[in-house]
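K.L.:
Once you've had a glance at the structure underneath, I'll fire off some questions.
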Amino acid sequence: MASTRSYWRWSKQDFLPEESFQTWTNYTSALSQTWFRFKNRLTSRSDDETETTQLRKQSENEMKRCLSWWDLIWFGFGAVVGAGIFVLTGEEAHDTVGPAIILSYAVSGISAMLSVFCYTEFAVEVPVAGGSFAYLRIELGDFAAFIAAGNILLESIVGTAAVSRSWTSYFTSLLNKPKNSLRIKTGLKDGYNLLDPIAVVVLAAASAIAISSTRKTSYINWIASAVNTLVILFVIIAGLVHADTSNLTPFLPFGAKGIFQAAAIVYFAYGGFDSIATMAEETKNPSRDIPIGLVGSMSMITVIYCLMALTLSMMQNYKDIDTDAAFSVAFQSVGMKWAKYVVAFGALKGMTTVLLVGALGQARYTTHIARSHMIPPWFALVHPKTGTPINATLLITISSACIAFFSSLDVLSSLLSISTLFIFMMMAVALLVRRYYVRGVTPRENLLKLGAFLLLIIASSMGISACWGINPNGWIGYTITVPIWFLATLGMSLVLKQQRDPKVWGVPLVPWLPSISIAINIFLMGSLDSSAFIRFGICTGVMLIYYFFFGLHATYDMAHQQEKLQNENKIKQMETMENAGP
């Protein structure tokens, strides 16, 4: 599949090769067919063969298969354990939930693990770099995949920017300098007035390593994650030695509502595990290595997070926890002032691996999105020597650097959480569709029943979240919404027969676990404040403008070009068989 063309090229055909963009007349004609094309793409679905074989040709060169389950476990650890646990734990324990922050991490961990199960089943059967984008294109269609793609790119860019800003904060702490002393203060609006050139430099360094070689990146991640693990063990052991159980009282100072509000925010700390699914094309044995890598790393991380939250809550009363450098100040309060340097160093190591693994995973998402032509196919190209998608990596890095230079962490984290939860909710829906619907096999009557059950599960989950938001202590709303969710899930289990069995590894207890995942993700989304939804709505609106003017027409042309090629191949095969004779 290796290409003889130069990798570094910049012609219009590399960015807009589709028929609709060849002339202004073509483009005008395409715009006039927008509604027709939208209906076509709304109902069109991809398939496993297209995603794993046909679209990969768009990259011209193959990615190198060089990763084992051991690499994936540490990639999972490196992708997840970073700024979230060190930054958000103190903020949420002090302001939102108190010592019950332990339960917030447990709730988020359970939700994340349910999503891990969904990702694992797909990754084993559709081992491509596209991750959730490819899975949603197969099961929910092009438009749903585009909404996911937009949120994946948004999550990638914003998440990377947030971590790089945190990197600067902890570097400042390590140098024992005043807060924000390494940032440049300007007269811009609050939240955007502290420019962060260090964050930009760190992003550039991480992407340079990721571009050079996936194998080299894995080695560096091993070393950095091992050091980070030692720091985490120190924090837990040294912290518990100085623990005071009286600090756990009162355990729920903000009530049960605080647990879920905090859980929605600290979910940010679990973000990044989906990067492992995007490594499928570079994994030696995806059907074995991906389940071990995903489930193994997330199980370990959930336990670590709960232990670290417990440690912090027992070292200090929640009212005294510092919201900016919680663990460092907690150790100072028990007479271990020097420990703040260990904590800051560990946090820096963790955030460095998050940026490093993120640069790998996010670029591979972007590569597959570009293969489908939802963004210009120039970003799908894989370099022949490095075996890495350099163009896609640069897109994410430059975009993240621009945001990180201006925006503070509090502006970024809530937007990131809602995008992540939205995608994970859609993944659970897609898994149910995959199990209960197969084109050309499932009767139309069963398809309608599946749609009705899914609608009831989603609507009742939204109702449960709304009831909690309006009156957490009320019970009338729950007597309606919870039974509807239960009966819809039970109905799907009893009335519908599963149409597809997982080939190697599958989510257990279907439809119950995916249905619970839908409910938890929607519930946590509902726990976020209104500003997160406003930002989410604005970003989605911008995505739709791009889609109707560019993405829709590019993917429509791409799909019909593939159909034409497939028909030509069938005709050639028939002619060959006829010429061969009996």
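Cβ coordinates come from backbone N, Cα and C, glycine included.
TrEMBL entries are annotated by machine, without manual review.
As annotated by TrEMBL, transmembrane segment applies to 66-88, 100-122, 194-212, 219-242, 254-273, 294-318, 338-361, 390-409, 415-438, 450-470, 508-526, 532-556 (among others). Annotated domain 'Cationic amino acid transporter C-terminal' per TrEMBL: 505-554, in sequence order.
Each of these features: where is it, how hidden is it, and who are its neighbours?
P.N.:
Non-local neighbours of the transmembrane segment (100-122) in the same chain are 89, 92-93, 131-132, 135, 251-252, 254, 258-260, 262-264, 266-267, 269-270, 273-274, 276-277, 290-291, 294-295, 298-299, 301-302, 305-306, 309-310, 312-313, 318, 424, 427-428, 430-431, 434, 502, 505-508, 513-514, 516-517, 520-521, 524; each lies 6+ residues outside the stretch with a CB under 8 Å from one of its CB atoms.
Beyond the ends of the transmembrane segment (194-212), by six or more residues, the same chain brings 160-161, 164-165, 167-168, 171, 180, 182-186, 220, 352, 355-356, 358-360, 363, 386, 388, 390, 393-394, 396-397, 400-401, 404-406, 408 to within a C-beta distance below 8 angstroms of the stretch.
Away from its own ends, the transmembrane segment (390-409) comes close to residues 7, 83, 87, 153, 156-158, 160-162, 164-166, 169, 188, 191-192, 194-197, 199-200, 203-204, 206-207, 210-211, 359, 362-364, 366-367, 370, 378-381, 383 of its chain (Cβ-Cβ under 8 Å, at least six residues beyond either end).
Long-range neighbours of the transmembrane segment (508-526) within the same chain, counting only residues 6 or more positions beyond its ends whose Cβ lies under 8 Å from a Cβ of the stretch, are 107-108, 110-111, 114-115, 117-118, 260, 263-264, 267, 417-418, 421-422, 424-425, 427-429, 431-432, 435-436, 457-458, 460-462, 464-466, 468-469, 485, 488-489, 492-493, 498.
Within the chain, the transmembrane segment (532-556) has long-range Cβ neighbours (under 8 A, six or more residues past its boundaries) at 16, 18, 20-21, 27, 30-31, 34, 37-38, 40-41, 142, 146-147, 150-151, 154, 372-375, 414-415, 417-419, 422.
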K.L.:
Which one of these stretches, 219-242, 294-318, 338-361, 415-438, 450-470, has the most C-beta pairs shorter than 8 Å to the transmembrane segment (66-88)?
P.N.:
338-361
K.L.:
May I ask which of the stretches 254-273, 294-318, 415-438 has the most CB pairs under 8 A with the transmembrane segment (338-361)?
P.N.:
254-273
K.L.:
Using a Cβ cut-off of under 8 Å, list the residues of the same chain at least 6 residues beyond the transmembrane segment (415-438) that approach it.
P.N.:
111-112, 114-115, 118-119, 121-122, 132, 135-136, 138-140, 144, 147-148, 151-152, 154-155, 158-159, 162, 264-265, 267-268, 271, 274, 446-447, 450, 454, 458, 492, 496-500, 507, 510-511, 514-515, 517-518, 521-522, 524-525, 528, 532-533, 535-536, 539
K.L.:
For the transmembrane segment (254-273), what are the same-chain contacts with Cβ under 8 Å, counting residues 6+ beyond its ends?
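P.N.:
Residues 76, 79-80, 82-85, 88-89, 91-93, 96-98, 100-101, 103-105, 107-109, 111-112, 115-116, 119, 155, 159, 162, 294, 297-298, 301-302, 305, 354, 357-358, 361, 413-414, 416-417, 420-421, 468, 472, 523-525, 527-528 contact the transmembrane segment (254-273) from elsewhere in the chain.
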K.L.:
When you scan the chain for residues with a C-beta under 8 Å from the transmembrane segment (294-318), skipping those not six or more beyond its ends, what do you find?
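P.N.:
Distant contacts of the transmembrane segment (294-318): 69, 72-77, 80-81, 85, 89-90, 93-94, 98-99, 101-102, 104-106, 109-110, 112-113, 116-117, 119-120, 123, 232, 235-236, 239-240, 242-245, 247-248, 253, 269-270, 273, 276-277, 326-327, 329-331, 333-334.
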